[in-house]
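What TrEMBL says about this protein:
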- A11, E32, L40, V76, W362, G369, V370, I371: FAD binding site (BINDING)
- H147, G148, N149, V150, R191, R192, E203, G369: NADP(+) binding site (BINDING)
- 2-158: domain 'FAD/NAD(P)-binding' (DOMAIN)
Amino acid sequence: PRVCVVGSGPAGFYTAQHILKHHGGALVDIYEKLPVPFGLVRFGVAPDHPEVKNVINTFTQTAHSERCAYYGNVTVGRDVTVPELQQAYHAVVLSYGAEDNRVLGIPGENLPGVYTARAFVGWYNGLPENRDLKPDLSCETALILGHGNVALDIARILLSPLQLLRKTDITDSSLAALACSKVKRVWLVGRRGPLQVAFTIKELREMINLPGARAVLDPADFAGLESAVKDAPRPRKRLTELMIKTALEKPVEMQAAAAGAAAPREWGLKFQRSPQEVLPSADGRRARGIRMALTCLEGSGDSAKAIPTGDVEELECGLVLSSIGYRSLPLDPAVPFDSQHGVIPNSSGRVEGVPGLYCSGWVKRGPTGVIITTMNDSFDTAQSVLEDLQGGVLDISPSREGFGLVESILRSRGVRPVSFSDWEKIDAAEVARGKAAGKPREKIVDPAEMLRIIGH
């Protein structure tokens with residue numbers, strides 16, 4: 001059986017890995033829009049979290065299997081359609097993730113100084129489409145809307161000492177911009193309360209221990225929570241206790257402050273505030289603050305809803321980053337898509353009403369969870385493919401040409417795919433450039449330059 005996987009992030013690679021491991025004869029081809037593989041492992045994981053990127057070693061092993069092939073620089077839905085892939089393969093798995101972001105839907109969100117978390121993370125991680133972002137970091141106060149791990153990542157990158165970032169694979173241009181940044185205060189704002197934050201204790205602890213930055217948490221926000229959290233699941237309980245402990249600790253007055261040095265950088269959490277409008281500067285040319293509705297919570301736990309109380313508050317800030325979630329987009333008119341939930345309708349990864357078509361990862365279940373969540377989810381989809389192969393649901397009697405057919409389609413459209421060994425040349429060039437600068441790698445952010453390196 002010939003199987004094709006669209007997208008080379010964790011969902012795509014884990015799906016391929018599981019099929020190859022549990023079916024001794026299956027051939028798997030992975031298609032990727034960019035010349036370079038690994039999706040959000042490369043472009044989403046924070047540069048100061050290199051250990052999370054170790055999964056790349058597993059993915060590379062999968063790509064090296066003689067029954068697996070990688071074709072980068074191919075945009076499915078444009079260079080080749082899903083029905084064309086279905087002609088070429090016995091099974092097609094869509095694992096292309098969430099390449100858009102949710103919008104705030106408030107006045108002023110398009111003002112200069114307002115960015116999505118997706119674009120900002122893409123900028124410092126070298127995602128080609130965000131390489132020209134040039135965020136304005138000339139203000140002292142930044143405000144991040146959202147209480148997830150991505151929001152904490154951004155706060156940490158904005159406040160980290162440069163010597164920590166210099167040793168990472170953060171891009172050269174974003175490092176230069178951060179070196180000139182005036183940002184010294186970051187507020188993370190959420191619509192709901194401390195019991196509903198979505199970040200994890202590891203990320204929070206890292207933020208609390210960030211050198212040269214102090215946490216500003218208001219003890220009043222945590223009043224009475226110790227009893228409320230007594231019977232909560234252990235991770236939620238420990239996370240809440242750490243926030244309470246941090247809020248109640250008297251800040252150690254730094255010796256430097258006594259010597260009249262500048263106040264350290266600081267960050268804080270604000271709760272039960274919902275953005276209403278990004279306020280423009282006097283000349284209307286940029287963001288100068290944000291108006292927020294104060295909310296009260298109806299219900300409890302994860303299902304609590306934030307209801308505006310009628311009171312509002314304004315906060316001055318020159319940089320607004322919205323970290324309220326990613327969003328999947330429809331890929332091809334031939335594929336059913338639930339635009340309300342931003343997913344492909346499916347059961348256990350089988351796309352509804354289209355036999356032989358599957359999905360895994362964020363486009364299957366929505367943009368939540370960490371790499372391990374995506375791994376389990378992808379194994380689940382791969383298992384559905386294997387069951388359908390074994391149960392005869394997928395007819396593999398007609399032989400399919402796989403890449404042979406796709407290659408002629410791509411050639412007729414002037415598209416030249418990039419192989420995994422091509423990627424390894426780009427990889428070697430990045431590592432060599434990084435070595436010269438004392439970094440693990442210096443990412444190449446221009447696809448045209450990537451293609452030049454491999455002589456395309």
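We number each residue from 1, going along the chain as drawn.
Placement of Cβ uses the backbone N, Cα and C atoms for every residue, glycine included.
Any TrEMBL annotation is an automated prediction that lacks curation.
This view paints the features noted in TrEMBL onto the structure.
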residue : record               : Cβ contacts under 8 Å, 6 or more apart
E32     : FAD binding site     : G7, S8, G12, Y70, Y71, G72, N73, V74
L40     : FAD binding site     : G9, P10, G97
H147    : NADP(+) binding site : L188, V189, G190, R192, Q196, V197, A198, F199, L269
G148    : NADP(+) binding site : V197, A198, F199, S323, G325
V150    : NADP(+) binding site : G44, A117, V121, S323
R191    : NADP(+) binding site : Q272, R273, S274, T295, A306
E203    : NADP(+) binding site : N149, L152, D153
W362    : FAD binding site     : A11, G97, A98, Y326, S328, T368, T374
V370    : FAD binding site     : N149
I371    : FAD binding site     : P10, V41, V52, V55
Within 10 Å, the Cβ with the most other Cβ atoms among the binding-site residues V76, R192, G369 is that of V76
Its Cβ having more other Cβ atoms within 10 Å than any other among the binding-site residues A11, N149, the winner is A11
Listed NADP(+)-binding residues H147, G148, N149, V150, R191, R192, E203, G369 - what's their greatest C-alpha to C-alpha distance in Å? 20
